[in-house]
Amino acid sequence: MAPGEKIKAKIKKNLPVTGPQAPTIKELMRWYCLNTNTHGCRRIVVSRGRLRRLLWIGFTLTAVALILWQCALLVFSFYTVSVSIKVHFRKLDFPAVTICNINPYKYSTVRHLLADLEQETREALKSLYGFPESRKRREAESWSSISEGKQPRFSHRIPLLIFDQDEKGKARDFFTGRKRKVGGSIIHKASNVMHIESKQVVGFQLNFTLFHHPMHGNCYTFNNRENETILSTSMGGSEYGLQVILYINEEEYNPFLVSSTGAKVIIHRQDEYPFVEDVGTEIETAMVTSIGMHLTESFKLSEPYSQCTEDGSDVPIRNIYNAAYSLQICLHSCFQTKMVEKCGCAQYSQPLPPAANYCNYQQHPNWMYCYYQLHRAFVQEELGCQSVCKEACSFKEWTLTTSLAQWPSVVSEKWLLPVLTWDQGRQVNKKLNKTDLAKLLIFYKDLNQRSIMESPANSIEMLLSNFGGQLGLWMSCSVVCVIEIIEVFFIDFFSIIARRQWQKAKEWWARKQAPPCPEAPRSPQGQDNPALDIDDDLPTFNSALHLPPALGTQVPGTPPPKYNTLRLERAFSNQLTDTQMLDEL
C-alpha cells in the first residue's frame, strides 16, 4: 500500500463515524437521539445534569409504555371482530299470515274407521282404572267378548301390550297375558282425509291460499307469495289490519287426536315455510284475539364476525323444503335426512327427501321405535345437526303483542250468532254456538320498521388512525418518525451487529486458513534510537509522541567510522608555518 493511502486509512480510522455507519450501537443511539424528530429522546442527550437526564429518561420510557399498552388494546379490539349496531325506522309491507285449525280431520269423516279403536279403548280403560260399578261386576263384564270367542278386529291387527319398567324389551299381552319380545312400537296408519273449514274475511275481500300441513290438515295463508302483488297497509292500528272470523266447528273435533279447541296462527315472510307446530300462536274460541305486530329486520355480518350463512349454500344439509333457508328448515331437513339413513324411511310430518319413502308398518314395522331413538339423540344434540346448521345472516322477526276479549258478548250474541248463521247459508246446517267461532285481528301497531345492521367496529383505516393518534399524543410522532424508528432500530441496529459478527468471522477464518509463519527476524535499529522500527511511512507527530525514549546506557555495537571529509583543516596552515620559518631565518 502506498504511503498516501495508508495515511488516509489511518485518518479515516481515527475520525469519529456516526449515523447508520457507526461502528457501535452506542454511537448509533447517540446519533439517533440528536437527530430524531421525537422530543423525548433528544432531551435525554442534550440535557445537562444527572437529575434532569433521569427525569427525561423516565418520561420517555413511560410514554413508550403507554404507547405499547394503547396499541395493544387497539390490536386486541381489532381482532375481537366486534360490531356496532345502527337502528333505522321505515315502513314495510304486510307479512304473510297462515291460519290452521287445531283439529286436522273431521271426526264424522273418520269415525267409522275408529269405531273398533273407540270400543276397545273404553273397555281397556274400564278394566285398567275401573268405574263406579262393583269390582265383581267389572270382572264379570271384562272382556266378555273374548269368552264368547269374539276377537276384536283392531286388537287382531295391533296388539295391546303392557310394558314393565323392570323387563326391558318384553311386554305382556293385555288379553291373553302372554309375554312377547318387542323390538318397536306400532300405530295405525293415518288416513288421507282432509277437512276444509269455512272462512270469513272482514275488511279484506281477498282469497286465501290453501296450504296443507301434515299435522294440522288444511291451512290458509293470507298475502302469500303466489299473489300477484304483496299487500301493504297505509296506517297502523286494529282498524287497518287483517280481520278474520274463524268457524272452528267444535263438534267435529277428534277426541283421539286433540284435547284442546281453537286455531293456530303464524306470521312469517312470503318465502318462508310456516312452522305452525313450533312457533304458532293459539287462538281461543268465543274470544277476540288482537295481535299487534312490530317488525324487526336484522342484517348480520358473515365470517369472521359471526357464524351465519347468506343463503345456506355453505351448509352441508340439503334443503328439502320449497322455501328460503332458515335455521329451522336446516334442522328439520337434517333430522329427516338422518331418519332416512338410519331408519330406512321418512317421517310423515316433514317433506319427503329424494329417492325416499314415508314410513309404514308393512314395510318398516319398527320405524316408530327408531324414530323415538333418533328424536332423543336429536334433542340431546348427538346427531350433529345443531353444530352443522347455521343461522341466516338476514332475517325478519315480528314481535307480537296479544290481547284477548270475550266475543261475542252476552248482549250481542243474541243477534250476532243468527246473522253469522244466515251468512254461512248452506255450509252450516245448525245454529252456530259461540264456542264454534273465534275472531282474529292482526295489525301493525305502527308502520315503523326497526332495522338492525351490523358493521365492523374496527377496520384497517380506523386501526391506523388510532395508532397515529396514540403516537402523536404521547411522543409527537408522525409517519416520518415511525419510518425513522424502523430504519434505526430494525435496520441499522441489526446491520451493525451483523457487520461486527461478519468481521469477526472473517478474521477467525483468516487466522484458521493462514499457514504458521516462522519467527520474524529482529528488525534493524537505528544508531541514535534503537527502539524505532524502520517503516515505509513517514513519521507523524502522533506516532512520535507514542515512541519510547532512547536508552542512554546502550552502546552501539561498532564505533563510528573515521571520515577524512569530516576533518577540518585550515588551508593556510602550511603557509603560516612557512612564514614563521622564514621569520626565524
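Counting starts with 1 at the first residue shown.
Using N, Cα and C of the backbone, Cβ positions are placed for all residues, glycine too.
Keep in mind that what you see is a predicted model, and the values were worked out from it rather than measured.
Annotation source Swiss-Prot lists disulfide bond at CYS100-CYS219 (among others). DSSP assigns CYS100 (disulfide bond) to a strand segment in the three-state reduction. Of all Cβ atoms in the shown protein chains, 26 besides its own fall within 10 Å of the Cβ of CYS100 (disulfide bond).
CYS308 (disulfide bond) falls within a strand when secondary structure is assigned with DSSP. What Swiss-Prot lists as disulfide bond is CYS308-CYS393 (among others), and the listing cites similarity to another entry.
Marked as disulfide bond by Swiss-Prot: CYS330-CYS389 (among others). In the three-state DSSP classification, CYS330 (disulfide bond) falls within a helix. Under a cutoff of 8 A between CB atoms, and with a sequence separation of 6+ in the same chain, the neighbours of CYS330 (disulfide bond) are GLY312, VAL315, ILE317, ASN319, CYS385, VAL388, CYS389, LYS390.
Summarising the annotation, Swiss-Prot assigns disulfide bond to CYS334-CYS385 (among others). Of all Cβ atoms in the shown protein chains, 22 besides its own fall within 10 Å of the Cβ of CYS334 (disulfide bond).
Look at CYS343 (disulfide bond): DSSP puts it in a helix. The Cβ of CYS343 (disulfide bond) lies under 8 Å from the Cβ of CYS359, HIS364, TRP367, CYS370, TYR371, LEU374, each of these being in the same chain and 6 or more residues away along the sequence. Residues or ranges marked as disulfide bond by Swiss-Prot: CYS343-CYS370 (among others).
The Cβ neighbour count for CYS345 (disulfide bond), using a 10 Å radius over every protein chain in view, is 18. Look at Swiss-Prot and you will find CYS345-CYS359 (among others) tagged as disulfide bond.
Annotation comment: Swiss-Prot describes ASN207 (among others) as N-linked glycosylation site, evidence class sequence analysis.
The N-linked glycosylation site annotation in Swiss-Prot covers ASN433 (among others) and is backed by sequence analysis. Sequence-distant contacts of ASN433 (N-linked glycosylation site), defined as residues of its own chain at least six apart whose C-beta falls under 8 angstroms from its C-beta, comprise GLU250, LEU417.
The annotation region 'Disordered' is assigned in Swiss-Prot to 513-534.
For the motif 'PY motif' (559-563), the model's pLDDT averages out at 62. Under the heading motif 'PY motif', Swiss-Prot lists 559-563, citing similarity to another entry as support.
According to Swiss-Prot, the feature topological domain 'Cytoplasmic' maps to 1-55 (among others).
Per Swiss-Prot, topological domain 'Extracellular' is recorded for 77-477, and the stated evidence type is similarity to another entry.
Here Swiss-Prot flags 499-585 (among others) as topological domain 'Cytoplasmic', drawing on similarity to another entry.
What Swiss-Prot records for 56-76 (among others) is transmembrane segment, and it gives sequence analysis as the kind of evidence.
As annotated by Swiss-Prot, transmembrane segment applies to 478-498 (among others), with the evidence given as sequence analysis.
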(request) May I ask for the distance between CYS345 (disulfide bond) and CYS100 (disulfide bond), taken between their Cα atoms and rounded to an integer number of Å? (result) 27
(request) Give the number of CB atoms, excluding that of CYS393 (disulfide bond) itself, located within 10 Å of its CB. (result) 18
(message) Nearest of the disulfide-bonded residues to CYS308 (disulfide bond) by CA-CA distance, picking from CYS100, CYS219, CYS334?
(response) CYS334
(message) I'd like the Cβ neighbour count for CYS385 (disulfide bond), meaning other Cβ atoms within 10 Å of its Cβ, all protein chains included.
(response) 19
(request) Starting from the Cβ of CYS370 (disulfide bond), draw a 10 Å sphere and report how many other Cβ atoms land inside it. (result) 19
